[in-house]
Amino acid sequence: LNRGFTEMHCMSGHSNFVSCVCIIPPSDLYPRGLIATGGNDHNICIFTVDNPAPLYVLKGHKNTVCSLSSGKFGTLLSGSWDTTARVWLSDRCMMTLQGHTAAIWAVKILPEQGLMLTGSADKTVKLWKAGRCERTFTGHEDCVRGLAILSEMEFLSCANDASVRRWQISGECLQVYYGHTNYIYSISVFPQCKDFVTTGEDRSLRIWKQGECAQTIRLPAQSVWCCCVLDNGDIVVGASDGIIRVFTESLERTASAEEIQAFENELSQTSIDPKTGDLGDINADELPGRDHLKDPGTRDGQTRLIKDNEKVEAYQWSVSEGRWIKIGDVVGSSGATQQTSGKVLFEGKEYDYIFTIDVNESGPSYKLPYNITDDPWLTAYNFLQKNDLNPMFLDQVAKFVMDNTKGQTLSSSAQFSDPFTGAGRYVPGFSSGSSTVPAADPLTGAGRYVPGSASNAVAPLSGVDPYTGMDAYQSASAKVENIYFPKKDAVTFDQANPMQILGKLKELNCSATEEHKLTEDDLIILEKLLSATCSTSAEMPTAQQLQTLWKALNWPEGIVFPALDILRLSIRHLTVNENFCSDKDHVQFITLLRKFLNPEGKQANQLLALRALCNCFVSQAGQKLMMEQRDEIITQAIEMKSGNNKNIHIALATLTLNYAACLHKDNNIEGKAQCLSVISTVMEVIQDLEAVFRLLVALGTLISDDTNAVQLAKSLGVDSQIKKYASVSDPAKVKECCRFVLNLL
């Protein structure tokens, strides 16, 4: 009977060490599933089960890929030392998660669609939804090394601070578990329950049941790098001696007596360095002799040290066998070097040494932590200050430290100052609070012009255009056809009252400062520009008119909105569009509009800037510019969701829809991923049904004729977000469009 595992393939594809492995579940295309590996060469290799060479290689990370997790619909999440995580779908990167300030050591995809977790050397865990950071969990005092999912609502994290924490998705830390004496590298949960296992730098595998450490299994290797629980409940661990070991509760699968004896012999011959702190404080002179092993232990995994001749031995109690098993010889003293990263932990931090200092015979002893990179005099001074001891001991303590660390070379400092990021990087997150500025024009007057008032709705193009809010095309007997998507052309904001806009411009011009004031000639020029761009006249806008408009667009924030409205209307004209969006001036133009997409800014300006961006899509030049600047524009525009102004929400939805139409033409999957993330994020906060409708059309356009986009939308959980709109009775277009989208999903 072969109880073990046999090697099937030796797969190769990386140019340097492999740091993580993960299984991608079976799919129609790959019924036996796939294997993903992350490496020090910055790449991820994807293998089929039968071939030793990679099926494809995922490139994009800029440093070691050290963690992988697979989700539904073929999604893969990767974490890297480059401080980012990436979401992949088959062989393409869909989105990059940016926000951590140090290496990402652990990643996990949660069972609820669209939710992902990352754990980092910046000591935090972050929760991401649809590619945006929703929440940051703080509490660990050192690098987070592992994550494990307990349920849709709870997860575990383990860290270099030697603790495990249990969290609620809502942000609350429910429990902290202590037991390990050094870094914890890996954590894995038993199937169908909340019990779990951990491994770490203290040579041990620990099994936790009902929140307590129920069993400790020592291994003949300092670093136990990883563990996983198989479906049958067996525990697999990989350690720094290059051996994988499987532990089981099942009698059928237990190793033979010879193998168990060989394991115990190997364990009994290991050398345990007391400096690692794995066994607590050791004072060899006070240890009992071999007779001490006649007394039974009180709990499983209890360790006992004895002195036999001049040798110190460590034993561990096994409840199941009712005996003490030797787990190694304790060797060396404080000057020993360490082969692995086994530093000593003191108050949650790592040190090369922890000295015990007795200041006088009768008093207590004090712990003095020390790294080789520290200044011994400063360390001694701080130690005396902290423990309120007499400063006259300074020379004595410093000399003691130097004598006991002789010959130690400088190791690289273990401080996690972040080697990875540059400053000034954009961190996705939510804007706080919404602007309280009402959309109404702050300056009153009869027949006033209010940008974004209800009369500024989309102009009806024909009786069956779903954007008009007219349900003229509905007939009870006819089978409803999908007239909604994929949308091919841009949706624009055309409604205009040029006289009101000019009236407001003149009124505000009176209150403008001298440097901003427009001359009478300027006002006449702008009137001509409006007339040329809003009527069907053959007049062409002139360069002089556009220069005057640019001057007005640089008015102060409080009075600029009529100029923005003139821009919104005139940018639809081919000449104006090509002028502002051409290679020569486009940077200034987009910078100007993005300036108004500030969550703290005036809502009138936010609204008109969004509408102007939507109207840019009418020509090739505008589309090209909008696509080139997509990342920056979408990143800023999405912050506009936090207010409660429905007109702003409609404009934001329209911008997304215009992007979707362009992306559908180009079949740009990375861009589609970004738009899907926007749709998922904005759907959560908007109430207005016209905005919802436009987002549904955008969603339908993005996923039409693209199975990858369909899979990605499902993995983000968009289908469950939109279901409620399938039963909206008025306007009927919302329900119909939603049902067409759900059919695709």
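Placement of Cβ uses the backbone N, Cα and C atoms for every residue, glycine included.
Remember, it's a predicted structure, so these values are computed and weren't measured experimentally.
Per TrEMBL, these features apply:
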- 316-415: domain 'PFU' (DOMAIN)
- 483-744: domain 'PUL' (DOMAIN)
- 58-88: repeat 'WD' (REPEAT)
- 97-129: repeat 'WD' (REPEAT)
- 177-209: repeat 'WD' (REPEAT)
Per DSSP, the repeat 'WD' (58-88) contains 3 helix, 17 strand, 11 coil
Model confidence over the repeat 'WD' (177-209), as mean pLDDT, sits at 94
Secondary structure of the repeat 'WD' (177-209) by DSSP, residue by residue, totals 0 helix, 19 strand, 14 coil
